[in-house]
Amino acid sequence: MTFNLSRRAFTLTALSALAAPALISPTKALAQSGRVVAATFPGTWEDAYRTILTPMVKEAGYDLTIAPALAQDQIAKLMASPGQPPYDALLVSPGQSAILIEAGLIEKIDPTKLKNWDKLAPMAQNEWGPYVTVEVNGIAYNPEVVEKPSGYKALFEDPQYAGQVAQIGFGSNTATMAWTEINKLYGGTYDNMQPVFDLIKDHLKDLIIATSGSNQMTMYQQGEVAVFMASTGNVAKLKELGMPAEFAHPESGSPAVPVSIHLVKGASDPDAVYAYMDAAISAAAQTQLGEAPTAMIPTNTEVPFSSVVAEYVTPEQLAAAVYPDWAAINKHRAEWTETFDRIVSQ
Amino acid sequence: MIRKDTLLAWPMIAFMVLFFLAPLLLLLGISLRGAEGGWGIGNFVAFLDDPFERGVLVRTLLLGAKVTGLVSLLALPLVMLYWHAGPRLRGVILVCALLPMLTANVVRTFAWVVILGRNGPISQTMLALGLVDRPFSLLYTEMGLIMALAQIELPLLLLPVFSVLNRADRATLDAAEVLGAGRWRAWFSAIFPQIIPAVLAGWVLVFASATTSYVTQSVIGGARLIYLPRFVYREVGVLFQWPSAAAISILLLISTGIIMLGLTMLARHERLRAHG
């Protein structure tokens with residue numbers, strides 16, 4: 001038996017098929033004027049930004065949708081949909097910013113559209129988007145299991161840390177900064193990472209290699225590890241969860257990394273993105289974000305370090321922090337990632 | 001001109017073409033894109049030429065085989081129990097088999113983090129029994145990963161087998177026993193052949209699911225056990241090498257596809273079907 005498909009039925013079917021992608025594409029549906037879809041790191045960042053910034057952006061007349069995604073995932077998603085960005089604003093570190101700039105995925109901002117721009121510390125006035133905080137990294141440790149590490153070298157040379165330290169590969173910014181600093185301590189440079197790879201090979205049986213920062217936190221909570229490379233925010237979060245955790249500054253200085261908000265090229269409503277940026281750098285928001293569990297270091301000069309932040313970092317320690325060379329890191333990162341995987345693979 | 005009796009299938013066919021076949025062809029297209037532009041099979045050759053990367057593929061397939069083996073061992077007593085159980089107990093077994101599927105894979109995986117850890121029940125029980133002298137962890141070990149995946153994938157084998165057992169003819173078992181077969185022999189010669197196609201279908205599901213289970217492999221297996229799904233993620237999310245990631249995905253698809261096709265053909269084999 002055969003069936004003649006009428007022109008009307010064919011038209012309806014074709015229209016339905018054309019409409020289907022729009023129905024199932026939430027990012028497309030969200031990409032409207034008056035709304036900003038902002039990528040934020042999952043977890044404490046996501047919760048804090050949603051709670052604190054959404055009402056502020058609303059007050060400015062825009063809707064804010066927080067979309068949790070790791071920095072590398074944000075880039076991967078942007079690259080996957082050129083011309084139709086899934087986000088209007090990104091939250092990344094300089095390592096990722098360099099990739100985004102090179103790929104032409106973000107644009108320079110107009111500071112005159114930010115009321116709070118002049119209140120930012122000069123180092124936070126980045127032409128590609130304001131720095132909203134500076135993450136200070138170091139060593140998180142469980143004081144009930146191990147003594148406070150004197151620095152990175154102790155983790156490899158003091159036997160009390162054997163089998164207690166979690167590490168991750170070069171996919172993570174925190175880990176990458178730690179590895180490059182450790183490499184320097186053992187005589188390496190950005191162009192010669194062999195010392196750190198030799199060190200990993202020599203201590204492989206004592207190292208627990210996790211897949212991500214959050215995976216490390218899970219292992220720490222379960223008592224599987226007692227030490228891991230972390231930001232002050234990670235330690236604040238563990239403490240808030242009732243875990244025994246302390247933060248140690250490495251002897252060579254704590255690697256620091258600013259976190260910036262970027263305006264995505266082709267954002268559906270740039271004014272909404274500016275409203276979001278302005279809220280994130282405002283004194284009101286940064287005062288709240290300075291408290292636990294986010295404990296963010298403010299970049300707005302009107303906001304003093306909160307007592308929680310001061311527990312981990314003093315302005316002097318921040319001034320002595322080490323700012324890695326992300327251009328050099330990005331140049332070698334792929335090669336380091338592959339080498340690391342080959343060394344640790346069982 | 002469209003056959004009227006196939007009309008109902010067209011939306012599904014259109015859906016599959018739009019959302020499965022088209023993305024698959026797109027993936028294939030991306031995999032053939034060269035790093036310096038142009039087209040070719042360079043990404044495939046680069047992967048297969050590298051002993052480390054080839055090893056990751058083999059390890060992934062072996063993981064699927066090991067999980068399928070353990071799932072089969074775990075399922076056997078449950079299947080026997082189900083066969084001998086009355087309707088009420090069958091209901092209980094079915095609910096127990098289904099229960100894990102009612103929670104998200106992520107939840108089940110994190111439950112296993114607790115179970116396999118050095119403070120978890122396995123380590124603590126063995127310590128209490130004096131079988132080990134200090135707590136130990138099965139996290140980040142292949143044994144721990146296989147155990148977790150086996151429990152997570154178990155329903156995928158049990159459900160098709162239970163479904164066949166519900167329709168299995170008990171008279172064949174009685175006939176075998178009347179003809180002098182012992183209990184075990186009667187079961188294996190009269191009932192087992194009937195469930196073989198369901199077992200093979202279950203194996204296909206378990207194998208495919210175990211080899212592609214990115215979350216469980218990453219969380220339980222850690223970074224030192226590298227399997228293809230995490231390798232693909234690394235290419236996309238860390239190295240931004242989309243063509244290479246697409247080529248690896250295609251290779252994973254082909255290699256698991258060949259094994260699944262083999263199992264499916266086996267399930268359709270005349271001798272097996274004759275028993276089904």
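Using the three backbone atoms N, Cα and C, a Cβ is placed for every residue, glycine included.
Annotated features, as they stand in TrEMBL:
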- B:57-263: domain 'ABC transmembrane type-1' (DOMAIN)
- B:61-83: transmembrane segment (TRANSMEM)
- B:92-117: transmembrane segment (TRANSMEM)
- B:137-165: transmembrane segment (TRANSMEM)
- B:186-208: transmembrane segment (TRANSMEM)
- B:245-267: transmembrane segment (TRANSMEM)
Residues from the same chain, set at least six apart from the ends of the transmembrane segment (B:245-267), whose C-beta lies under 8 A from its own: 27-28, 30-31, 33, 43-44, 46-48, 53, 57, 60-61, 64, 196-197, 200-201, 203-204, 207-208, 211-212, 228-229, 231-232, 235-236
Spatial neighbours of the transmembrane segment (B:137-165) far in sequence, C-beta under 8 Å, 6+ residues away: 63, 66-67, 70-72, 74-75, 78-79, 82-83, 93-94, 97-98, 100-101, 105, 108-109, 112-113, 115-118, 122-123, 191, 194-195, 197-199, 201-203, 205-206, 209-210, 213, 216-217, 220-222, 224-225
Chain residues outside the transmembrane segment (B:186-208) and at least six past its termini with a C-beta under 8 angstroms from it: 64-65, 67-68, 71-72, 75, 79-80, 83, 153, 156-161, 163-165, 168-169, 172-173, 175-177, 256, 259-260, 263-264, 266-268, 272-273, 275-276
